[in-house]
Amino acid sequence: MAMILLVAEGSAIGAVRRLRTTWYFFVPGFVPYVASTLFHHVEALRTNHGHQRHKYAALVHYPITVLVPLMVFRQVAQSEIIVRKWAYILKTWGVFVVVTCFAIAVPLYFVPLVRTATTDREKTGVVFTWLLVVSPFVATLTGIVRSLKDGPALQRSPAITFVAFGFALFPRFVQAEMEFIAYQVLSSLIFASFDFVTDLAMPYFVLIGEAARRSLVRFLCRPVRDRHFDTVTAENTQETRDKQTPVMLLSRLSATMMSFKSAGRYSMRSLSTFLDVPTQAVQFGYHPIFLRRLSDQMHAYSLIELTVLIFSNLFNITLRQILFPSVRHLLERLVGLGIMVLIEVFFEGALYIFLVRSANLPLIKSTTEPGVIRMHLLALGIGGTVFIFRNVPVIVLQLLTAADEKKYQSVSTYEFCPFHSSMFELS
């Protein structure tokens, strides 16, 4: 609820005001949700001693996950000065629907893969599978958020954070489960390199995609013209060749050299112009807020990556110290965490310098605007709390399985926490 209102208004005060006019949307959604959580564990609604859940319980979750965001964003589109109303509704609502689908898919497909992985190499393979499968969807969702031309300016930060936090949380917890520090450092280096390359190329992929789209439209809409070619006849070429004096040949040679030099200078100017993202954005006619959205996305990604890295490792270290206290193991993990943080900071710093110096993105200026930093932190806190508290039993059981595989390998999430009812556990 909090994230929906924050995305809709782009500020905490606006979210509270919006709650006064949309509270009746959330009540019909939360009542069935809470009721399903309570009565889902009643013996009358279960068969075969709890092995088969109530088949129709998934329909109870439908209002809170699908209908409530749609009704809230529809009300926002009608009450605010929004020109493209249906585009705004479908884009914002689609982001929440896709993230909900990922929340269902992760416990269904990826968590069992991690729990059955016995070596660090197998866990690294699961993480690579996650990156290859989920990255295109995350890029598409963030592209949809950037394409929003209506609504408050600070709206994009919560939406991007909501998408990116779930994407970064799973691989970092898998990394925290790895037994050897060397594998953790190596995987952190791979993650940081992957993020560096994708974040570095992202503005240019957007520009190249827009250029390709416009070229295709121009080619398809080009009228067919009759082309007339002049006929050139060459006669007595030997005589013409004999008339060329050495002075003319020297002049042609110098002209050729000058053309090469000018072409080289033009190529360098073209390269610097292409690397300059604001120039390309103006050339392709992007909305003025386009650069602001890119900057917000870069800041959100950097903050999320570092926060999730520290949180996941500290959570795992604390849990292992509770189960198996060891000063030596604690120091090793803390040193490994420090190395991974340095790797992440190094790559994020290099990315920041390049985007400011070469790409000329307004990363520094965007943070000086009022409310930007507060919104980044608020979106991170709310989005992280939603993801973590909703999946605490899954996360804890996953870490316990990594710590003591013999004891927790055969334990299901329902057996570990009977009060954790979720639609992806129903069958």
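Cβ coordinates are placed from backbone N, Cα and C, and glycine is handled just like the others.
Taken from TrEMBL, the feature transmembrane segment applies to 21-42, 54-73, 93-114, 126-145, 157-174, 180-208, 300-322, 334-356, 377-400.
Note on the transmembrane segment (300-322): residues 157, 160-161, 164-165, 168-169, 172-173, 175-177, 188, 191, 195, 199, 329-330, 333-334, 336-337, 340-341, 344-345, 348, 351-352, 376, 379-380, 384, 395-396, 399-400, 402-403 of its chain, located 6 or more positions outside it, place their CB under 8 angstroms from a CB of the stretch. Only sequence-distant pairs (6 or more apart) were considered; of these, at least three Cβ pairs between the transmembrane segment (157-174) and the transmembrane segment (93-114) are under 8 A, so the stretches are in contact. Contact between the transmembrane segment (334-356) and the transmembrane segment (180-208) holds: at least three of their C-beta pairs are under 8 Å, each pair 6 or more apart in sequence. When Cβ-Cβ distances under 8 Å to the transmembrane segment (377-400) are tallied for each of 93-114, 126-145, 180-208, the top count falls to 93-114. Through the fold, the transmembrane segment (126-145) approaches residues 91, 94-95, 98-99, 102, 110, 113-114, 117, 156, 159-160, 163-164, 167, 170-171, 174-175, 187, 191, 194, 198, 202, 206, 293, 297 of its own chain, all at least 6 residues removed from its boundaries and within a Cβ separation under 8 Å.
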